[in-house]
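Undergrad: Handing you this structure, nothing more for now.
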Amino acid sequence: MGRRAKNKQAPPEPLDKKEYSSPKKLGKRKADNADLDDKPRPAKKSKDSASAKSKSKPKPKTSKTGARVKFTEDGASSDGWEDVQDEGVIGDLDSLVGGDSDDDMLRGPAQEFDFGSDAEEDEPAPAPLLRGRKSKQSGAPPNAVPTGADDSSESESDEEDERITMANMAARSRALDEQAAADAELDLADVQGAAAGEDEDDDVDMEGDEDANGDIDAEPFRLPTAAEREEEKISMPDVHLVQRRMRECVRILGKFKRLAEPGRSRSEYLDQLVLDICSYYGYNEFLAEKLFHLFPVPEAIEFFEANEVPRPVTIRTNTLRTRRRDLAQALVNRGVNLEPIGKWTNVGLQVFESSVPIGATPEYLAGHYMLQAASSFLPVIALAPQPNERVLDMASAPGGKTTHIAAMLQNTGVVFANDANKARTKSLTANVHRLGCKNVVVCSYDGREFPKVMGGFDRVLLDAPCSGTGVISKDASVKINKSERDFTLLSHLQKQLILCAIDSVSPESKTGGFIVYSTCSVTIDENEAVVDYALRKRPNVKLVATGLEFGREGFTSFRGKTFSPSLSLTRRFYPHVHNMDGFYVAKFKVEKRAKTKKADEEEAVTVEIVAEDGTVENKVQEDVGFDSDEDRPYLQEAKRRQMKAKGLRPPPRTKAPAASATVKASA
Ligand SMILES: C[S@@+](CC[C@H](N)C(=O)[O-])C[C@H]1O[C@@H](n2cnc3c(N)ncnc32)[C@H](O)[C@@H]1O
């Protein structure tokens, strides 16, 4: 991120891919961070995420963009917060517990393997006590509210000292934006310089040939022989050696012709680097390789490094109960240090420090907010539900996104919150109640049973069960417990689910007709490959812009596979780029289907339903549309209740609705 501060949640602009195309950037970053250099660091192989986190070194604040809007206890707060309408865009939850909730291990009845999740919040809520907890990525210093002591810029320090008032807020905010824009330009110049090969010598010899102790190497670097490799497999590899080798491999791969040992191939360096990533960061080889290939070499190291660092703690204001500004003030009064996440959300707050457990404040218990990863806001922002719509959240537990949708609907319309795992619907229901969502119906079906169960939705969110490769910083077990078979099974399930999600949307919807597909994984198999499959199988859908302001474009080709060019409309989010969990978001618009017999036959989906006893049944999924007549009594009943609540006399019942065994009203 060059000179830019990393202590704010997610930059407003996506970073250019070029930024990672040169080893220069890595060199500078590594020199700054001392991540792979001379600090002894134990091999991470056997570490769990907690210990990984505790070892992470906070990065000193350097920032301009990090200058914060400060909430003071006497109520002086940002106007910038007030001029955005909280009811517009909201997000969903997430746990601060870093992957220790059962959300990370999603064992729905339909699967025989573990699904990662975006580690959303469950009930009972985690009660993290934050004190100066700063991720290296977020980089905020222990004294989270700027005091002016930051010596990076005198004028900036002065500015920080100045008391924030309603009067100076707008000007301050503008100044910060200008500063951020100037920083971005500097970064761009850096990136362009790097890409153009400026300062080549500097660049390549970023850390010279220094060894782990900072001494100039006597011996030039050479790859280990086969015998040395074998020996290393048996004995615990020396961490300094591994660090140096990784650094050298990155450096040599960046200038292969000039720096490689004669007779050694590129793939030998790549293989060694992947092996070292496995031993240094503790991944199985299959996953390390899969993730490694997603990025240019230096950037891959950035990604693995970022997975060692917790993401910023963020909360989503529940606009059904409060306004962000009021919530912020209430939490500030309790000793919580926070600021708005970024311009892209008007309900998110980043918590820097707290003297109270953020998951157990009276405001939390009263449902004024959800603990939720910033990345989890994204699919719901993309879905953009409109008041009075019928929305299906197909895989919804524990309800971070459901409650976000409910709030965006302003408690109108209806959200069917479904999850195949009945046990998980308990926490979903608890969250729905806590947040005061009155428009949510909780149900527990295998998502592949839709639209047979119910269809005709204005919008569907499929936040699919996934491997969780985007949330490794929360759940380090993903590093070792995901095999090739898991990815095959997962992408198969995701493909089945996405077709059912598409078929559950009404192309006739006056206000909607959209599906959002999201995962907290960064692999191609679970994202672009699934979306591309859906485009091929359902000619009546097309990808549309997500409406998200940042994020990298989805891949349109990858290692010999070619996807529809429209995949560039989808968005990828990465921990090392956006300082949020790895995430993927795609948005489809459903058009009317041209009905032909042939198309029907081709489109018939065979669904493998795995019962709770483990038996597998193959069913041809029927396309069952939403039957408005069948739903009419339910709608009438709801209207009667609404009228009663308002003190009005409801009309007499025309027909009593039959209760469903599996669908229960949540509110
Ligand atoms: C990524 S999590 C969902 C997180 C949720 N959207 C939120 O924001 O809180 C994926 C969910 O899919 C559920 N799931 C797994 N297989 C399913 C299936 N076949 N049908 C419906 N849900 C399924 C899991 O139980 C899990 O709760």
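Backbone N, Cα and C define each Cβ position, glycine as well.
Automatic, uncurated: that is what TrEMBL annotation is.
Sharing the feature lines straight out of TrEMBL:
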BINDING   ALA395, SER396, ALA397, PRO398, GLY399, GLY400, LYS401, ASP419, ASP446, ASP463  S-adenosyl-L-methionine binding site
COMPBIAS  88-99  compositional bias 'Low complexity'
COMPBIAS  115-124  compositional bias 'Acidic residues'
COMPBIAS  151-162  compositional bias 'Acidic residues'
COMPBIAS  197-218  compositional bias 'Acidic residues'
COMPBIAS  655-667  compositional bias 'Low complexity'
REGION    1-179  region 'Disordered'
REGION    195-219  region 'Disordered'
REGION    620-667  region 'Disordered'
Undergrad: For LYS401 (S-adenosyl-L-methionine binding site), just give me the three-state DSSP call.
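TA: In the DSSP reduction, LYS401 (S-adenosyl-L-methionine binding site) maps to helix.
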Undergrad: Consider each pair of residues in ALA395, SER396, ALA397, PRO398, GLY399, GLY400, LYS401, ASP419, ASP446, ASP463, all listed by the record as binding S-adenosyl-L-methionine, and report the largest Cα separation in Å as a whole number.
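TA: It comes out at 19 Å between the most distant Cα atoms.
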Undergrad: Tell me the Cβ contacts of ALA395 (S-adenosyl-L-methionine binding site) under 8 Å, same chain only and six or more apart in sequence, or just say none.
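TA: Set apart from ALA395 (S-adenosyl-L-methionine binding site) by at least 6 residues yet with Cβ under 8 Å, we have ASN418, ASP419, ALA420, GLY447, LEU462, ASP463, ALA464, PRO465, LEU497.
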